[in-house]
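K.L.:
Take this structure first; my questions come after.
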Amino acid sequence: MTRASAPASISGSSLEGKNTGTLDSKNPYDGGEVPGTMSSTLNQQHIFDDPTLGKYFVPIAEYEGMHRFDPKATWTEAEERHLVRKVDKLIMVWCCVMFFALQLDRGNISAALSDNLLKDLGLNTNDYNNGQMIFYLSFMCAELPSQLVSKRLGPDVWLPIQLVSWSIVAMSQCRLNGRGSFFATRCLLGLLEGGFIPDMILFLSYFYKGNELPVRLSFFWMALTFTNISGALLGYGILRMRGIHGWEGWRYLFLIEGAMTAAIGLFSFFWLPPSPTQTKGILRGKNGWFTDREEVIMVNRILRDDPSKGDMHNRQALHLSDFWASIKDYDNWGLYLIGLCAYIPPAPPTAYLTLTLRNLGFNTFNTNLLTIPSSVLFMINNFLLTQLSRITKERSTVASFGNVWQLPLLIALAVLSDETNPWTRYALLTLLLGYPYAHPILVGWNSQNSNTVRTRTVSAALYNIFVQAGNIVSTHIYNDNDKPFYHKGNKVLVGVAVWNIVLFQLVKLYYIQRNKWKAARWNTMSTEERAHYLETTTDKGNKRLDFIRPRYAACAICILNCTVRAIFTSISRYWSSGFAKYRYEKFEQSTPSYAPLPNNVAN
């Protein structure tokens, strides 16, 4: 969601804990501007331009960046672009490495399956399904408690603790001896890994604006794909150790990859900073990463994009009332329902890919290598889909493309006979698992719609809980009596994909109607009435009238047209030649501004 415009645009915030009284000597506006004048930053309006309304959005005194808050601060586009690139290098790259570790330890079960893990432990595919269900259920149960701990300790402390903790369990899998130990380690891994993704999103929200976050989150799932590729290559080598000291290859796989995660976790203890203004440290230097001016730019660009980020400090604990308020927030229920359903269709084919390839006659080592093409396609489609959403400013329709992509492929897999050429089935599976992945778009959408630090923290966990619930549902769609190619299961997945396509449009329709209802009331208010509303309202978060979504129309032709622009922009953005840089900058300058509002949490 974004805020309806007053004299200046208003991003989401809550009045709770704000300075709502008469201006005094501690107020940053004292002795300042005449109401209505603009302290222009990149020629964009922001709520702090107007002291009459801006005083209701001043951060709390305990906010860790309060000493850098300056409503009159200005900077150039080049300065901000340089700073974002610096944050990408220092923060985003290492976050991708940590995400690599997460996927390495929760995804290497697939490589282990190709090395006869089930046979060696005396298990069958139903035992595998139950183990995965235990993992996802444990993962889901840990989401909210993990968020509670993370908000109290800070994600910079809690994330490394999680990494080191689950790496110990991951390494212990080298001593699996049967069904009981398999189920126990699945449970412990789920409990320790649960909440890691929402914790990471909370951490990144300290450094990035709302419209920057989905693209950065797409880097996460590109890192996931890179993990699948590198994991397949690692598996190809490590699994050849079968027989050394009498151990199976999968035992070495769990031990070595778990040790890699432990090393990443230990380094993270000393690398992650608490916030943009707290970067001094052993590995970060005695002066920290950023100059005083860079800290001013970082704090104020974040607060102008979303003043609600000044509602709490980064070591402030959440309370049970915050959880209950987020659960009751019906405006996010549609996104939670999407999270429950959207990822079910590709989940069983993904979990069973290596088993299916073995059933097609491929050996252990070729099976691991044959998982790479779908990962490469997935990475490309993931990046392009996120760029398409950014350029078209469309979320729901673009996000539904993944299910549109999957539908004909699932139909083909459901009707193909068992005698079909193995390479034909492999090609269909590769295309199916290389689908455009909407998770970065939906996570960013959910984060912006939450509108306060309290609700954003909890809603991220709730969204991921519903995603894990969908994974639990998916674990029993492919059953032992339906193997080797699971025709019945694929027919179920066809039905789910059709439902998902409809669901995306229903959620979009709800938000459009909700926006119209709020806008009709907000736009009838005068400036004085708006100020009175901000001072007296008991509405919080996305229930406030000034928190709405401007609608961005995006027809099919427009989206197809913008696909070409997305590809061109993505290439030119990272192309080092002067011509490409010039074309990209001209394109950005010529992109129309649909509203004077910075957040596009919309549709």
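Quick reminder: no glycine exception, Cβ is built from N, Cα and C everywhere.
TrEMBL labels come from automatic prediction, so no person has curated them.
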K.L.:
Quick one: sort out which of 134-154, 155-175, 323-343, 365-385 is the transmembrane segment according to TrEMBL.
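P.N.:
My reading of TrEMBL: the transmembrane segment range is 365-385.
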K.L.:
According to TrEMBL, transmembrane segment applies to one of these ranges: 72-92, 219-239, 555-575. Which one is it?
P.N.:
219-239
K.L.:
Top stretch among 188-207, 219-239, 365-385, 457-477, 492-511 for CB pairs under 8 A with the transmembrane segment (423-445)?
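P.N.:
Looking only at 188-207, 219-239, 365-385, 457-477, 492-511, the most contacts with the transmembrane segment (423-445) come from 365-385.
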K.L.:
Is the transmembrane segment (457-477) packed against any residues at least 6 beyond its ends, judged by a Cβ distance under 8 Å, and which are they?
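P.N.:
Non-local partners: 129-130, 132-133, 136-137, 139-140, 143-144, 146-147, 150-151, 194-195, 197-198, 201-202, 318, 322-323, 325-327, 329, 332, 335-337, 339-344, 347-348, 351, 439, 442-443, 446-447, 449-450, 486, 489, 492-493.
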K.L.:
Mind checking which residues reach the transmembrane segment (492-511)? Cβ under 8 Å, same chain, six or more beyond either end.
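P.N.:
Beyond its ends, the transmembrane segment (492-511) has Cβ neighbours at 334-335, 337-338, 341-342, 344-345, 348-349, 395-397, 399-400, 403-404, 406-407, 410-411, 414, 477, 549, 602-603.
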